[in-house]
């Protein structure tokens, strides 16, 4: 749940961070027109996000339920030896002490267990106990294996084991996504592995950042590529919008928007014309996020958002309802019904490739050498 909301917030608002497009190369015009492979216009998404969605999410994400995120930052990279750890202080993550995390988040399961106990009469408990006693230990073990097998087949991303001793809570407000100084061989290897080994691409030779057209690929493969590109764009926007300017003889180090960094990543000249398309892929990712939230709305509306703070929890539930109402009212949703509509056998094979690629990308997040970058990568991908 937290991943979905934070993802929805990170996508569009970052384009507007006090760096005017007019300051870029004259060939770079304001983004407008339809988002590729969608019917929605860029201008409509700007209005929806900036005037309706962003204010609601900005308020919600200050609440304890979304502020604290449980994550394992100590998992080993499953693909190569982890030899590029970032030693700079801005790469580190400040984890929470036990008494800093709301009691309801740590022991929420106990609340629901108690509620479930209260829902059954003594007769019902005896009946349930009698039924359970007829299941042998061997059968229970087999059922668990079946469940693990089924879950593994359907998994699109690798989630952290919530019971692991390495799981820790992180206060996202104290560990914002921004430039950390993490650069060079390590992050380049991450993105090369994503684009060249775990992303659909045109036939023939293809390199990360290639100018080759995506037109020859089918809709599903284009959609996957645009999703990953949109995520990449969001990350680069955070680096540019919240850049650390080093201290000088007369001024301390400061955080702020870096026009030079933004221009190098998105202006047509240094990007050989690809920069504006990177930005447009951000809108595509945003549309897919909105559609995912709309489809998950029945579950989101039933969630308790329990932290132990009755007033705060009530505010969150109301905020979620308002947010979902806005999302549902937007007419130009991403249409996922057009995906995987070919020959059933081929469509099934493509869907499995889709799942496997995304699963691998989620595992690559554990290879990121900067803990703060890893934190936000895992949160946005999981």
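In case you wondered, yes, glycine gets a Cβ from its N, Cα and C as well.
Look at TrEMBL and you will find 370 tagged as active site, nucleophile. Per TrEMBL, the feature active site maps to 373. Per TrEMBL, FAD binding site is recorded for 178, 180, 191, 229, 232, 265. Per TrEMBL, the feature disulfide bond maps to 86-91, 370-373.
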Whole-number Å value for how far residue 370 (active site, nucleophile) lies from residue 265 (FAD binding site) (Cα to Cα): 21
Pairwise Cα distance for the residue listed as 'active site'/residue 232 (FAD binding site) [Å, integer]: 12
Where the record names 178, 180, 191, 229, 232, 265 as binding FAD, the maximum Cα to Cα distance in Å: 21
Least surrounded among the binding-site residues, given as 180, 229, when other CB atoms within 10 Å are counted: 180
Those recorded positions, out of 86, 91, 180, 232, that come within 10 angstroms of the residue listed as 'active site, nucleophile' at the Cα: 86, 91, 180
Among 178, 180, 191, 229, 232, which are recorded as binding-site residues, the nearest neighbour of residue 91 (disulfide bond) by Cα: 180
Same-chain residues at least 6 apart in sequence whose Cβ lies under 8 Å from residue 232 (FAD binding site): 191, 278
Count of other CB atoms lying within 10 Å of the CB belonging to residue 370 (active site, nucleophile): 25
Nonlocal residues around residue 178 (FAD binding site), in sequence order (Cβ under 8 Å, 6 or more apart): 238, 239, 241, 242, 243, 244, 255
Residue 86 (disulfide bond) and residue 229 (FAD binding site), Cα-Cα, nearest whole angstrom: 24
Cβ neighbours within the same chain of residue 86 (disulfide bond) - under 8 Å, at least six residues apart: 180, 181, 182, 186, 369, 370, 371, 373
Among 91, 373 [recorded positions], residue with fewest other Cβ within 10 Å: 91
